[in-house]
Structures are given as C-alpha cells and as structure tokens.
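TrEMBL annotations:
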{"type": "TRANSMEM", "residues": "46-67", "note": "transmembrane segment"}
{"type": "TRANSMEM", "residues": "117-136", "note": "transmembrane segment"}
{"type": "TRANSMEM", "residues": "148-170", "note": "transmembrane segment"}
{"type": "TRANSMEM", "residues": "182-205", "note": "transmembrane segment"}
{"type": "TRANSMEM", "residues": "225-245", "note": "transmembrane segment"}
{"type": "TRANSMEM", "residues": "266-288", "note": "transmembrane segment"}
{"type": "TRANSMEM", "residues": "308-329", "note": "transmembrane segment"}
{"type": "TRANSMEM", "residues": "360-377", "note": "transmembrane segment"}
{"type": "TRANSMEM", "residues": "383-408", "note": "transmembrane segment"}
{"type": "TRANSMEM", "residues": "420-440", "note": "transmembrane segment"}
{"type": "TRANSMEM", "residues": "446-463", "note": "transmembrane segment"}
{"type": "TRANSMEM", "residues": "493-516", "note": "transmembrane segment"}
C-alpha cells in the first residue's frame, strides 16, 4: 500500500502546483510558452521530464529485464543523443532566436506562407505524430494506477485523463514546466539509489551480472531474437521522435534568452543519460530474481517495486513513472492543440482575440485527451513499440522538412505541403502492412527516412521557389543563426555546486535507508 502514496503525493503535488502558478497565466503566450520567462534551470527541469517518459520507466525497464540492458540502452541513448542535438541545438535554438511561438509560426516565417493547406497539414501531422506517443503516456499511467490500486484499466485511464486535463487547463505551459522540474528531482533521486538498491535486492553485483550474462543481455541485441537491422530501425524511429518532436522543440521557445537553451539542455542531457544507464542496467539485473518472459514487460516495473526493490525505491520508481507519464502527456496534448489553434488563427480567423486563442487551446487539449483516453482503454501494444510508431510518421514529413528548412535554401513550400500531407497516410500504410504482412521489414523507418528526405529534395527541384521563400531563408540566417555569448554566470556556479552538495547528502541518506551504508 505504501506504493500508492507515491502516486497520491505526486498527483496532489501536481494539482497544487497548477493551482498556484495559474496566477501567472494572463495571455495566450503565457499559456503556450510561459511568456518566455523560463530560466535555464527551469528549462533543465522541463527538458529532463520530456526526455524521461514512460518509455524509460515502463517500456525501457521491461525491455531491459526481458532482453538484457544493452539493446535498449545502445539504441535508445544513441538516438536520444543525436535527437537531442537536432531538436534543441539545431532546431529549437534557431526558432527561439527567431522569436516565434510555435512550429507553425516558424513555417510561416521561413516560407512566407499563410496558406490554409500548410497549417491544416501541420495540424494533421502533429496530431498523427503525437497520437501514438501520447497514447504511451496515458495508457502507461493507467497501467500504473491499475496495478497499484487494482482497478479496471478504463477507470485508471479515465483518472489519468481527468487529472492531466484539469492541470493543463488551469495553467498551460506554466503547469508543465514547474511540474516537470518537480519530476526531475524524483528522477535524480532514482539515479543515485537505483543501482545499489538493485544490487542489494538481487544478492550482489556478481549475481546481477551473471543473470544478465546468462541471457546474453550484454550483447547488442540481447535475448530479443531480433536482428541488428530491427534495432537500427527502432533507433531511427526514436531519432525522428526526439529530433523532430514538437513538444521538445517547443520547450526551447519558453526560455528568457537563447543561451539558456544551451546551458539548460547540457545539464538535462547529462542527467538523462546517466539516469538511463543506471536504470537499464538495474532492470537487467532483475533477471536474477524474476524469470524473463514470465510476465508482460510493461508490468515489470510495478511488480519489482512491490516484490523486489526496497519500499523507498518502489515509492520513488512508481512516483517517478507517474510523473513521467503526466509531464509528457500534458505537453504533448498542448502541442497538438496549439498546432490546431494555429490553423484557425493564421488561416481561418486571423483576427482571433488573445482570450479566444487561450480558450480554444484549452478546449482542444481536453478533446484530444478524451480521444486518446478512449483508445487507451485496451492495451494493444507494447508501450515501447507504440511510441516507436510515431517516429515513422515524423520521419516522412515533419522531421526532414525541419532539417532541410534550416540548411537548404532551395526547399519550397509546395514540396513541404505535399510531404506533410502524405506523411500520415503513408506512415499509417507502412505501420499496418508491417504489422500484418511484414512489409517494410525489419522496421519501416529504414525506408521512411530516405523517402522523406528524398521526396522533399526531388519535389523542391521540380517546383519553383518564390521570393517569399528566399526572403524567409535570409531572415532565418540573419536572426536564427546569430551568434551570442553563453559564458557561465556567478549564480550558475552557485546552483551547480549547491546541487552537487544536496545530491551527495541525499545519496548517503538513501543508502542508509536501504541498509547499505
């Protein structure tokens, strides 16, 4: 029952935080991007919580236990690393310097277009990309509630949807960022305790390592039975998810100044990679006490929290998993709704009032959450697989258009519109045929990446570039690529050193609580 308190405390904290920060939300820009008031440490918190989703605490833990730590660790961290560089430092930083408030507005500035087809296509693509990944968070959070409270999955999912919708509706991005920072604290606590706690629970380092070795868990593909090409396909999917993820790119737009993107993202990256390594190795060691294949991989995190790990670890893991689900779901819902609102405010109703923008965003967010919640009532996929499907759609349209728009002047809006509109139906076709008949084996992203980039290049060369597109590219180069010093400031050192001291103290306290120190 103590695990339930981890969930209850997290959910209560998130509701209270959202109520408190509601006073800062005055305009639509406040609701969407915090009015650009986020300091670098806030950016660190929200970026960390975006990177660390249920694909880490549920899907990743289950995969590491079932196959060994190396497959997911290698391909997750490699795609994450390059995706982080692309999303934050190549795309997000440029958009922040341009001063845009959304991905849709970036396209408007870059191509000088206000066309309805472009905004409609972007809205459809954002929804298509984020649907599967939002499903992971809503269903994953529901699975946690179902396991811990022993309630039906539909009821658990409904609770998840209600709380996310309530907090997001209250204060938008302010709620997202502050709850994300709270979640980051939980993630850091887990990073410093999970490995020693697991070693103690499985009977020592040797027992844990031997168990992983016995299932070939240290090899690149582990005991998955899948070929290397399959994992390369998954890595490409996650590269597209992270590198072209609207909810991660949008994070770069909230900071007070562009250099906060670099400072905050560097620390966030360090925290996340260290956390991933420690969690996946610890999950692999669970093979010593839980036979691989003995249960659904998505259930292993909750099971180990109850039956294997010390109670404090179980509380932290379950609380962090719920935080990961919550803090990723809210910003994905916000990204989808903002994309749809952009269609209205730019193409259909340019005189939309500021209050109307905010109300539309809230209403659409609630509708999106309800629709995804209904689809999450039945567990259809391994969560890690469901998340990967989003990458197929992203790699066909949004991801290559973002990359090429930054570095290739010749890219045309006609080519962008065609590929954006094709990405969802073609992506769905590739997903369905791969599942039913094994087409596009070993994984569709092996094909979708060259189709996406190649299609854009060919179509751009076949279509005429407009003066607006040339002017938009020049503006991007002048503002988006402008250099700026990012030297450390005195308070940066104070925060870093103070954080290190706090982490060290907490480390020894937690070791003492589990009987190791």
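Each residue, glycine too, has its Cβ placed from N, Cα and C.
Fair warning: this is a prediction, and the values are worked out from it, not measured in the lab.
Only pairs six or more apart in sequence are counted, and the transmembrane segment (117-136) with the transmembrane segment (420-440) gives three or more Cβ pairs under 8 Å, enough to call it a contact. The stretch in closest packing with the transmembrane segment (308-329), judged by the count of Cβ pairs under 8 Å and taken from 148-170, 182-205, 225-245, 360-377, is 182-205.
At the 8 Å Cβ threshold, with sequence separation of at least 6, the transmembrane segment (46-67) lacks contact with the transmembrane segment (420-440), having fewer than 3 such pairs. With pairs at least 6 apart in sequence, the transmembrane segment (266-288) and the transmembrane segment (182-205) have 3 or more Cβ pairs within the 8 Å limit; the two touch.
Packing against the transmembrane segment (360-377) from elsewhere in the chain are residues 28, 31-32, 127, 131, 134-135, 138-139, 142, 153-154, 157-158, 160-161, 164-165, 168-169, 172, 329, 333-334, 336-338, 340-341, 344, 352: each is 6 or more residues past its ends and has a CB under 8 Å from a CB in it.
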